[in-house]
Amino acid sequence: MSTDSPIARRLANVKQIILVLSGKGGVGKSSVSTQLALSLYALESSPRVGILDVDLTGPSIPRMFGVDEGYDVHQSSAGWVPIYVDGAERRLACMSVGFLLKRKEDSVVWRGPKKNAMIRQFLSDVRWGDLDYLVVDTPPGTGDEHLSLMEHLAPLQTRLSSVVVTTPQAVALTDAIKGISFTRVVSLPVLGLIENMSGYVCPCCGEISNIFSTGGGEELAKRENIPFLGRLPVDTELVDLLDSPAAAASQGDSSDPPPSFPLLAHYKQTPSFTLFSLIVRKVADALSPPTSSISESAAGDGTLVSEP
Amino acid sequence: MLAVQQQPATTPEQPSASLPDIPSNAPQHCPGTESELAGKSDACNGCANQEICASSTKPKGPDPALPFIRERMADVKHKILVLSGKGGVGKSTFTAQLAWAFASDETTQTGVLDLDICGPSIPTILGLANEQVHSSSSGWSPVYAQPNLAAISVGFLLPSAKEAVMWRGPKKNGLIAQFLKDVDWGYLDYMLVDTPPGTSDEHLSVVQYLKESGIDGAVLVTTPQEVALQDVRREIDFCRKVGIPILGLVENMSGFVCPGCKTESKIFKPTTGGAKRLAEETNVELLGAVPLDPRIGKSADYGVSFLDDYPDSPATAAYLDIIDRK
C-alpha cells in the first residue's frame, strides 16, 4: 500500500474540501459549518454536500443536525455509511465521532496518536460517494487534529481550501491570527474570514448591543490581506434552531405540506439564512471561477429569492 | 506458544461501527489497543497501526519530572482546575475573575497557569499581553499582574503573538511538565489552572503530573444551551474517570440585560433545562449563573479586573456569590 492511496482513492470524487478553522473555541465553527453545509445544499445547482466533524472530544454537529440520538453508523463492505440528514434526497451526508459513542455523555479521552488514527479512518473509510463539497468542522486550536488533517489530505492539495471564523473581541482575534498563520505555514488557501456574533439585537427594544464589540474581524482581514466574507450578528432564532432542531421541527408552524427536510425549511426562515447566502455565494464563486460574474447580482436581490 | 490461548478476536463483521478496544480492522490476535503489549506483540507485525499503538502506550516507569513537580507543588496549597468541554464558554474569563477576586486580599498569593497552548488568552485577559518570562537560577519567573497575582502562559514564551503554535501531543506534554516543575512560583495559596477545551493531551497530562501532589478539584464552566451542556456531560464523565472531585458548575452567559431598556433576554436559551437541570441530573453542585454583560468582554480585552471596575453590575454580584461559595 502506498502511503497516499486509500484516502486519495476514497476522496477521488469529492470536488472541493473546505476546512472551517478558528484559533479560539466557541466562536461558532460548528454553527458556521452547519450553515455553510445547509446553504451550499440550498444552492440552485443542488450540489451534494458532506460534513465531517473532526472535533473528536467535543462533537457538536450531530446535535445541530438533530441526529444526536438513536443514529448509528453502519458498516458496509464498501466502508462506513454516513448519516443522511435530508431525508429521501440523500444529498447531505454527515459523519462525526458522536455517532460512534455508545452514550452521548461518554467522554472521548484521547491523546494525539489515537486522534490521528481516527481522523485517518474518517478520511479513508467513510463512503461519501460523489460530493461537490465536503465541509470539515475542526476543533479549536492548531494541534494534532489539524496537523493530521493536513498530512492526510496533502495528496488532495489542489481541492483544499479553508474558512476562518472569529468573534470580534481582541481575545478571539489574537487566536484567529494564529489560525491564519497556520494556513500560511501549511500553504492552505483561505477563502475568507467570517466575523460571527457581531452584535445582538434586543428583542424588546431593538437596540443593538455589541456583546463582543464589532468590526474587529473586518479590520483583521484587511490587515492580513484575506477576503472578508461577512459579519453575522447573534441570531437567537438560529441559536434555538441549532440547539434543538427536533423541537423546532415538531412545532411545524401550520404550513400545509410537511417539508421533506424540516431543518433546512426552518433555517430558511431565520435572518441568518439571508446573510449567510451572501457568504456562500462568495465561497462558491471563489471555488468555481468561471461563474464568478454572478457575484455582482448576489449583492442585490438575487440571493433573497434563491428558492421559494 | 501453544499455552497462549488468546481470547477469540471480536467478529470482524460488526453490525455497527463502535469504538472497541480491539478495532474491527485489527489483525487476528490483536492484544487490544489499551494492552501493555499493544504494538509489541507478534500479531502486531505488519498491522498498519502498529506504530500508533506502540507510541500511545504510557511511558514505562515513572516520569523523571515527577519528583521535581512534587517538590515544586509542595508550596502550593490549593490547586483548582477550570474545565469545560466546549470552547468559548468563558473558562479564561472566569479563571481571571476568580484570580482577581482571590488577589483582592493582599495576604493571599494566587497563581494562574494557562495550559491552553494553541490559543492562550490569559495574557490578554490579565493585561500582560507583551510580557516575557525571565529565567533565573531558580527557574522561570512568572509574570506578575499584581504583587500577589502571578501568571504563566505559553503566550509569554512566544516571540510574536501572531505565531501559531502547531504542536502535537508529546510536545505539549513536555511544556506542561516544564511549567509545573520549572516555574518559580514561591508560596501560593491558590493555583488556578486554565485549560483548553476538550478532553485530550493537556488534560490527561496535568492530571497525571499533579496526581501525587493532589488536585483540590475542578470547576466546570458552561453556557446554557444544549450543545454546550453535551460537552460538559463528557467533561463530568472525564473527571469521574480520572478521579478529580468536581467543585461545581458555573453557568456563564445566562441571560443578557439590554443596556438600553434593561430587559433581560436569553441569547443562549436553556432548551433542555440549562445547567440547573444538568446539575441535578449529574449530582453536581451548581455554583451560580453569571449573566452576559458586554462590559465583561471589554474588560477581558483591556486586561482589567471586571469586578473592580464595575462593582454595580449584576454579573459582579453573581461572580462574588460564586467565589464565596468555594
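Note: Cβ is positioned from N, Cα and C throughout, glycine not excepted.
Any TrEMBL annotation is an automated prediction that lacks curation.
Since this is a predicted model, take the numbers as computed values, not measurements.
Summarising the annotation, TrEMBL assigns compositional bias 'Polar residues' to B:1-17.
According to TrEMBL, the region 'Disordered' annotation covers B:1-37.
The annotation [4Fe-4S] cluster 1 binding site is assigned in TrEMBL to B:Cys30, B:Cys44, B:Cys47, B:Cys53. The Cβ of B:Cys30 ([4Fe-4S] cluster 1 binding site) has 23 neighbouring Cβ atoms from other residues within 10 Å, across all protein chains displayed.
Under the heading ATP binding site, TrEMBL lists B:Gly85, B:Lys86, B:Gly87, B:Gly88, B:Val89, B:Gly90, B:Lys91, B:Ser92. Secondary structure from DSSP puts B:Lys86 (ATP binding site) in coil. Shown in sequence order, B:Pro197, B:Thr222, B:Thr223, B:Val227, B:Ala228, B:Asp231, B:Val232 are the residues of the chain, 6+ apart in sequence, with a C-beta less than 8 angstroms from the C-beta of B:Lys86 (ATP binding site).
The feature [4Fe-4S] cluster 2 binding site is assigned by TrEMBL to B:Cys258, B:Cys261. The Cβ of B:Cys261 ([4Fe-4S] cluster 2 binding site) lies under 8 Å from no Cβ of any same-chain residue at least six residues away in sequence. Under the DSSP three-state reduction, B:Cys261 ([4Fe-4S] cluster 2 binding site) is assigned to coil, being neither helix nor strand.
For B:Val89 (ATP binding site), the number of other Cβ atoms no farther than 10 Å from its own Cβ, over all displayed protein chains, is 27. The DSSP secondary structure for B:Cys44 ([4Fe-4S] cluster 1 binding site) is helix.
The two recorded residues, B:Gly87 (ATP binding site) and B:Cys258 ([4Fe-4S] cluster 2 binding site), have Cα atoms 25 Å apart.
The binding-site residues near B:Ser92 (ATP binding site), taking a 10 angstroms Cα-Cα threshold over the set B:Cys30, B:Cys44, B:Cys47, B:Cys258, amount to none. Residues from the set of binding-site residues B:Cys44, B:Gly85, B:Cys261 situated with their C-beta under 8 Å of a chain A C-beta: B:Gly85, B:Cys261. In this structure, B:Ser92 (ATP binding site) is part of a helix by DSSP. Of all the binding-site residues listed here (B:Gly85, B:Gly87, B:Gly88, B:Gly90), it is B:Gly90 whose C-beta has the fewest other C-beta atoms within 10 angstroms.
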